[in-house]
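Peer 1: First the structure, then my questions, so here it is.
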Amino acid sequence: MTEIDEFINLEIPSVIHKDDCGYCFETMYNDDIKSSHSLNICLRCFQSFCSEHLEFHQTVTKSELNDRHDLYMKLSKVKKPVVAVEEPTEKRLKLEVSEKSEDELYDTSWTLLKDSASITDLELKGLDPQKAAQVATKVGQILNARSNNFQQMASSWELEVKPCEHVKNFVVANGEPQDVQKSCGECGLDSNLWLCLHCGHIGCGRQQVGIEGHSHALAHFDDSPGHPLAVKLGSLSQSSADVYCYACDDEVHFDDANLWVQALAHWNIDISGKIAQEKTLIELQLEQNMNWDFQMVDSEGHNLRHLQSSAEYGCGLLNLGNSCYMNSVLQALVNGGVAAWSLAELGDFPPSAVYVSSNLKCQLVKLRNAMSLEPAKYSNGVKPSTFKNCIGGTHEEFSSGRQQDALEFFSYFTDLLDQKAFNSTPTNPNDLFKFNVQDRLECSQCHSVKYTTQSSEYLQVPLADVSEPQELIEQIGSYFAEEEISFKCPKCDAMVTAIKSSGFQSFPDTLVVSPTRIKLVNWMPTKTSQEVLMPGIDATDASTLHLGKFKSQGFNSETETLFPDSDEARVFTPNAQCVADLLEMGFTENAAIKGLFHTNNNGMEDAMNWLFAHVEDPNINEPFVMPATSSKPEEFNSHHHLEDMITMGLDPQLCRKALILNKGDITASVEWVFNNLDDDGRTTEQTPVECENKEYGFENATLANYRLKAVICHKGSSVQSGHYVAFIKKQVENETKWVLYNDEKIVVADDPANILELKKNGYIFFFNRC
């Protein structure tokens with residue numbers, strides 16, 4: 001069979017990895033004919049490789065598959081001349097991306113390559129018409145196959161607005177249709193008007209950036225709680241409408257189109273052919289979030305100074321639609337937020353990985369090379385699509401295109417590295433920001449004490465619910481301050497008041513601090529912008545954060561007596577922020593603590609799910625008492641749970657390990673199995689006890705002095721639609737300045753307005769020991 005026949009008989013998949021090279025970020029796209037970027041699509045495995053890494057792919061396949069992949073299609077695309085360019089001020093503010101055909105944007109050239117000893121061009125001339133047509137058809141199939149990243153992100157993110165119970169129960173008012181007023185009934189404002197769908201009242205909306213409003217529509221709801229639904233008149237068109245439910249305090253929509261038309265018709269409003277006159281709520285939110293994207297200027301209107309990709313500043317990371325949370329965390333880790341943190345110990349690409357897009361080490365090395373070793377090659381930044389798909393894996397949130405919490409991603413990503421990347425390296429760079437916290441419990445009656453230690457990778461500090469600026473050091477002090485809790489003392493054999501306090505048992509080389517800026521308001525996660533003050537916010541400020549006074553003194557055998565060593569002496573310390581959040585949702589403190597205990601303190605969502613499943617338990621609100629433990633901790637009295645999991649078709653060894661790690665909790669154990677299907681199931685190398693007792697950091701309190709190095713900021717009032725960026729202190733022309741990493745853009749951020757952004761929107765702070 002000739003090479004042409006072989007090509008014609010290929011089965012072309014519907015999805016091909018052709019966004020960039022499997023080993024680097026080289027693409028097939030060129031801005032003009034002077035460029036020479038191209039990719040070689042392997043017609044054996046349908047992955048793409050640049051000319052530099054093509055031979056390595058062939059070596060891998062020969063070694064692992066005993067089949068040297070040798071047939072390729074070389075593709076190159078050159079951008080067509082632009083006929084007209086829209087002005088930036090006319091940029092459409094939409095949450096979805098309208099895709100243009102690549103044929104409209106680029107001219108495409110292709111060549112078939114065959115590798116025998118060396119790669120040579122195949123002779124295509126002289127083919128008979130039938131074969132020429134078959135070749136053209138096959139080429140078209142390859143060109144038209146979806147790219148893997150397009151398949152993963154078939155539609156860019158669009159904020160989901162759902163109907164609420166008030167919409168579902170809405171009834172159109174009785175009587176003849178009526179006209180509505182043209183201005184606010186209370187203040188006369190003729191814009192930002194909201195129509196009450198229940199009675200026709202016209203009131204102005206809230207004041208927002210650049211939009212006048214006095215909240216008279218909200219005041220109407222306060223006076224008439226049975227009228228929760230209102231629509232913004234200026235937003236109405238056939239394809240848009242802002243409908244707000246004041247009872248739910250959220251934007252909603254009518255999924256019944258007929259009911260929606262009838263509701264408006266009652267007020268003589270016909271939306272056919274109507275054009276929206278004002279920006280929608282989503283557009284206003286997006287416009288605010290995009291200020292850093294499209295208005296990269298200082299307070300005087302001057303463009304911020306752009307910095308070229310280099311070894312000093314790294315390279316930018318393009319936003320994949322909603323990946324700014326990931327981009328900001330990666331920049332902070334790689335570019336100095338954690339001093340000495342790097343992926344260098346991972347070495348080179350593994351020679352055994354044939355399918356590189358799903359291999360974690362390949363993706364980490366690929367990103368490391370671009371950001372740290374070869375950033376100058378990527379002046380326009382890189383698109384970490386395959387990296388995101390790989391690390392997101394089967395995780396429900398991080399594999400999606402939805403906006404995520406940067407702190408949650410930081411924890412998820414570093415845990416993933418601990419388990420699957422740094423577990424085989426001589427040292428673990430993540431240990432640089434880990435430390436041990438020691439909790440002390442003292443009975444107020446007999447004064448016996450109990451010490452427990454747990455490791456942590458960041459300090460999450462609740463902020464005071466005040467509008468005035470607050471000092472970070474004071475909030476850290478409040479976090480470690482003494483508090484009274486109810487406790488069954490094993491020595492007194494009674495419920496007593498105990499004094500609980502915490503302190504650093506060890507200090508990290510880099511302290512990661514996150515002020516709690518996300519809180520639940522009417523059951524909805526909402527971002528706050530309280531101003532937080534700390535040393536080093538000004539780039540030229542060399543003052544430090546001193547944490548030595550928060551050092552735990554530990555057990556003193558001469559002055560303290562430990563509780564008796566029994567089951568009752570064990571102490572469970574629930575996550576304080578999760579308890580507070582659950583209390584806001586209406587659960588009692590006792591129920592909240594039980595929910596967190598039975599879900600291993602994993603977070604509010606897991607605890608809430610457990611509570612919903614046990615809300616009918618008769619003792620759910622009784623004081624929490626630590627349950628007795630087995631003399632063999634690996635058993636956890638979970639034999640029946642093991643049988644239940646095995647009947648689900650899960651691997652018995654994995655089930656047994658999951659139950660050990662999750663202390664018998666079957667829900668958490670099932671989730672662990674599905675997230676760790678590639679685990680070998682062995683538990684002899686490392687046990688939970690060893691993990692908990694591992695020592696991190698240093699204990700000398702006099703050395704616990706830290707200088708601010710990096711800040712991840714969250715801009716916007718909603719966690720669903722906000723925008724993350726990273727500020728990192730760098731040397732620019734021999735001066736220390738804040739450098740802003742805003743996705744693919746890297747600029748000097750020395751304007752005074754940036755300092756206020758750091759104070760009000762700083763979400764994760766990185767302090768390096770000095």
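Positions of Cβ are set from backbone N, Cα and C atoms, glycine also.
Whatever TrEMBL says is automated annotation, not expert-curated.
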Peer 1: Check TrEMBL for me: it has CYS184, CYS187, HIS216 binding Zn(2+), so pick out which one of CYS199, CYS204 it puts in that same site.
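Peer 2: Between CYS199, CYS204, TrEMBL records just one in the Zn(2+) site with CYS184, CYS187, HIS216, namely CYS204.
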Peer 1: Take the Cβ of CYS204 (Zn(2+) binding site) and count every other Cβ within 10 Å, whichever protein chain it belongs to.
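Peer 2: Its Cβ shell of radius 10 Å holds 26 other Cβ atoms.
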Peer 1: Give me the sequence-ordered set of same-chain residues, not including CYS184, CYS187, CYS204, HIS216, with a C-beta within 8 angstroms of the centroid of the Zn(2+) site's C-beta atoms.
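Peer 2: Apart from CYS184, CYS187, CYS204, HIS216, the close residues are SER183, GLY185, GLU186, GLY188, LEU189, LEU193, ILE202, GLY203, GLY213, HIS214, SER215, ALA217.
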Peer 1: Determine, to the nearest whole angstrom, how far the Cα atom of CYS184 (Zn(2+) binding site) is from the Cα atom of HIS723 (active site, proton acceptor).
Peer 2: 33
Peer 1: For CYS187 (Zn(2+) binding site), what is the secondary structure by DSSP, using just helix, strand and coil?
Peer 2: coil
Peer 1: Pick the one among the recorded positions HIS216, HIS723 whose Cβ has the fewest other Cβ atoms within 10 Å in this structure.
Peer 2: HIS216
Peer 1: What's the number of neighbouring CB atoms sitting within 10 A of the CB on CYS324 (active site, nucleophile)?
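Peer 2: Cβ-Cβ neighbours of CYS324 (active site, nucleophile) within 10 Å number 28.
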Peer 1: When the domain 'UBA' (565-614) is classified with DSSP, how many of its residues are helical, how many are strand and how many are coil?
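Peer 2: The breakdown for the domain 'UBA' (565-614) reads 32 helix, 0 strand, 18 coil.
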Peer 1: Tell me whether HIS723 (active site, proton acceptor) sits in a helix, a strand or coil according to DSSP.
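Peer 2: Assignment for HIS723 (active site, proton acceptor) reads strand.
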